[in-house]
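Undergrad: What follows is a structure written as structure tokens; I'll ask about it next.
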Amino acid sequence: MFYGAIVWDPWLIVSQIVCLQCLYYLTLGLFMSILVGTRVSRMSLVYFFDFSALTISTTIGWSVIASFLLSAIAGAGFILYLIERAKKCLDFSATLYIIHLFICIVYGGWPSSFTWWIVNGTCLAVMALLGEWLCIRRELREIPITRYRSIV
């Protein structure tokens with residue numbers, strides 16, 4: 001085994017995907033409750049998974065879009081701490097949004113709204129690029145080397 005060589009560990013990858021997905025939905029729920037919950041009488045999963053909730057024609061629709069974008073920014077921070085590798089950011093971001101697409105299909109059918117595709121594509125790009133930028137900044141930091149002198 002060479003120094004720095006990464007061993008393929010499928011359990012680690014699956015646990016990172018599950019953890020990232022859970023943190024993403026927790027953050028999305030937090031932003032939805034703040035931005036959308038104050039404008040509607042009752043929150044439901046429609047705002048999370050139904051493509052018709054993502055609309056630019058209402059204030060609630062814009063609040064849902066803002067919640068998704070803020071969650072993508074937070075997701076980049078989660079990638080920084082969970083994944084820690086710049087070259088894996090796109091993979092994990094795409095996996096998160098593909099899983100989200102499958103959940104949306106099961107919940108409300110195929111997303112036929114152009115706005116849904118634009119918002120989720122933009123969120124995927126924001127999460128992947130911002131996460132990669134944050135990871136690269138961390139990887140390029142200098143490693144502090146301290147010298148200890150023995151007192152003799």
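Backbone N, Cα and C define each Cβ position, glycine as well.
Not my notes, these are from TrEMBL:
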- 12-40: transmembrane segment (TRANSMEM)
- 60-83: transmembrane segment (TRANSMEM)
- 90-110: transmembrane segment (TRANSMEM)
- 116-136: transmembrane segment (TRANSMEM)
Undergrad: Same-chain Cβ contacts of the transmembrane segment (60-83) under 8 Å, 6 or more residues past its ends?
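TA: The answer is 16, 19-20, 23-24, 27-28, 31-32, 35-36, 39-40, 47, 53-54, 89, 92-93, 96, 115, 119-120, 122-124, 126-127, 130-131, 134-135, 138.
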Undergrad: For the transmembrane segment (12-40), find every same-chain residue at least 6 residues outside the stretch whose CB is under 8 Å from a CB in it, and list them.
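TA: Result: 47-48, 59-60, 63-64, 66-68, 70-71, 74-75, 78-79, 82-83, 92, 95-96, 99.
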